[in-house]
Amino acid sequence: MSSHVPNFDAGVPCPKTGQPLLPAIAQDATTGRVLMLAWMNREAWDETISGNRAVYFSRSRGKLWRKGDTSGHAQVVREIRVDCDADTILLSVEQTGAACHENYESCFFRRVDPDGTTHITEERIA
């Protein structure tokens, strides 16, 4: 295995298809803010590598999810990193619109206090 290729043999099996999936973290290329966590299969990886746009695998739909195809909220990939075990992918992206399907900039818009109280920490993008 090449050191720059993710190890899909170490992936988590997809509940619908059984194919191995690896977690893919999307991070804002300018601010470093974590935008979302999604999953990639080998086909999503290959499409992301060959283009400059983030492509994921939807576990609920059991198919490729080309970020922005329906919402227009695409992610242009600026850099790709793979962790030391080659089982997690980090995409540095230029985000158009909201990364979150609930129309927040980031999927991590909830803060949980030590007592369990939850707070919404940002406004929805119109």
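Yeah, the Cβs are placed from backbone N, Cα and C, and that goes for glycine too.
Values in this document were obtained by computation on a predicted structure and should not be read as measured data.
As annotated by Swiss-Prot, Mg(2+) binding site applies to Asp83, Asp85, Asp87, with the evidence given as sequence analysis. Annotated Zn(2+) binding site per Swiss-Prot: Cys84, Cys100, Cys107, in sequence order, evidence recorded as sequence analysis.
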- Item | Other CB atoms, at most 10 A from the CB of Cys107 (Zn(2+) binding site) | 17
- Task: Only counting partners 6 or more residues apart, tell me which same-chain residues put their Cβ under 8 Å from the Cβ of Asp83 (Mg(2+) binding site).
- Result: Ile89, Leu90
- Query: Within 10 Å of the Cβ of Cys84 (Zn(2+) binding site), how many other Cβ atoms can be counted across all chains shown?
  - Reply: 7
- Item | Largest tally of Cβ atoms lying within 10 Å of a Cβ, found at which of the binding-site residues Asp85, Asp87 | Asp87
- Query: Whose Cβ lies within 8 Å of the mean position of the Cβ atoms of Asp83, Asp85, Asp87, the Mg(2+) site, other than those residues?
  - Reply: Pro6, Asn7, Ala10, Val82, Cys84, Ala86, Thr88
- Query: When a 10 Å sphere is centred on the Cβ of Cys100 (Zn(2+) binding site), how many other Cβ atoms does it contain?
  - Reply: 18
- How many whole Å apart are the CA atoms of Asp87 (Mg(2+) binding site) and Cys100 (Zn(2+) binding site)? 23
